[in-house]
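Chemist: Sharing a structure with you now.
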Amino acid sequence: MGVSRPEEDPHISTEERSFIVRNRTVDPDTHRRQSSRAELDTHAMNWRVLLTSRPAWAIYVAHMCYNYSWYILLGWIPQYFNQVLNLDLAKKGGFAAALPYMCGYTGTLLFGRLGDLLVTRGYRELHVRQAMNAFSFLCCAFFLFSLRLAKTAPMAVALLCLTLFTSRAAMAGYWVNMIDVAPNHAAHVMGVSNTFGTIPGIIGNVVTGAILQATGSWDLVFAIAALVLVFGAAFFHCYSSDKSIYSRSSSNGEGYSSGSTASSSFLGSPNYSLSLSSSIPELRDEEEGLLENPM
C-alpha cells in the first residue's frame, strides 16, 4: 500500500517522481535537510511576516468568510429543514442530509483536478487560484441566497447540493494558495488561518441565533452569509499572490514591516500599506515581479 521513497513507488508517473525528487528538501536516507530551490523559503520561521503580509491576510480573510457560511450550514440547516420545510432529518431525511456532503466530496475531487489541469496547461497559478476561489464563493453566495425561494424539500436539498459542490472549488483557491505563499511554512499558515477561521464560525452561529430569535427571518440569515462570501471573494482576488512571502521579504531586506506610510490607495498600486483595523497589523507588500509571466 505504501513505500518509503518515491523512487520505489510503482504507481506514480515518471514526471511526478522526478518532480518530488528534484524539489524535496530532506534527504530520505539521512533525514537531513538539503539545499532547496531559491524560490523556497528556507529561512527560520518569521512570525512577523506571517502575520503582516498582504498575501497571507488574503488567505486568512477568505478562510474566515468561507467558514462563516460553512458553520451556519453545519449548525442551522437541520433546524431550517424542520421549521421551514417540515422535514425532520433525524427521522426521515437521513439521505437528504447526507447528499449535500456527498456532493461536496465530489466537488473536492473534481475542482482539485481542474485546478491542476489549468496550471499544467500554462495558466499562471495565481490566476487559477483566484478564478477557482471566485467561482466557489460567488456560486455559494448565489445558491445560499436562492434558498429563500425554495418552497419544497427537494428544491432546498438541490440548492444545498449545489452550494456544497461549488464550495469545494475553494480547495483549489485559497486553500492550496497557502503552499504558494509559504512553501516551507504552509503548515504554519494553515494553523494561523484555521485559528482565525474559527472566529467567524462562532460569531456566525451567534448572529444567526439572534436574527432568528428577533425576526424569525431565514432570508436575512442567508443574505448575510451571501454578502460575507462576496466580500471574501473580492478580498482574495485583490490581495492574493503566488509568490513566497519569505523569499520576497529576504530579497528586499525589509519584508512586510509595519509602520510605513501608505503610498497609494487601498485598491490602487501594489506598493502600499494596509490597515484593516486598529487590531490588525499594517500590511505592506512590494509585490516584486507579481505582474510578470502573465497567463
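We count from 1, first residue shown onward.
Glycine residues also receive a Cβ, built from the backbone N, Cα and C atoms like all the rest.
What TrEMBL lists as compositional bias 'Acidic residues' is 284-295. For 276-295, the entry in TrEMBL reads region 'Disordered'. Sequence annotations record features per position, and here TrEMBL assigns transmembrane segment to 57-78, 98-119, 131-150, 156-177, 189-214, 220-239.
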Chemist: Check the transmembrane segment (156-177) against each of 57-78, 98-119, 220-239 and return whichever range has the most CB pairs under 8 Å.
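Modeler: Counting Cβ pairs under 8 Å, the winner is 98-119.
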Chemist: Apart from its near flanks, which chain residues at least 6 from the ends of the transmembrane segment (220-239) lie with a Cβ under 8 angstroms of it?
Modeler: 54-55, 57-59, 61-62, 64-66, 68-69, 72, 76, 130, 133-134, 136-138, 140-142, 144-145, 147-148, 173-174, 200, 204, 207-208, 211-212, 267, 274
Chemist: By a Cβ-Cβ criterion of under 8 Å, what residues six or more beyond either terminus of the transmembrane segment (189-214) are in contact with it?
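Modeler: Residues 50-51, 56, 59-60, 63-72, 75-76, 178, 181-182, 220-221, 224-225, 228.
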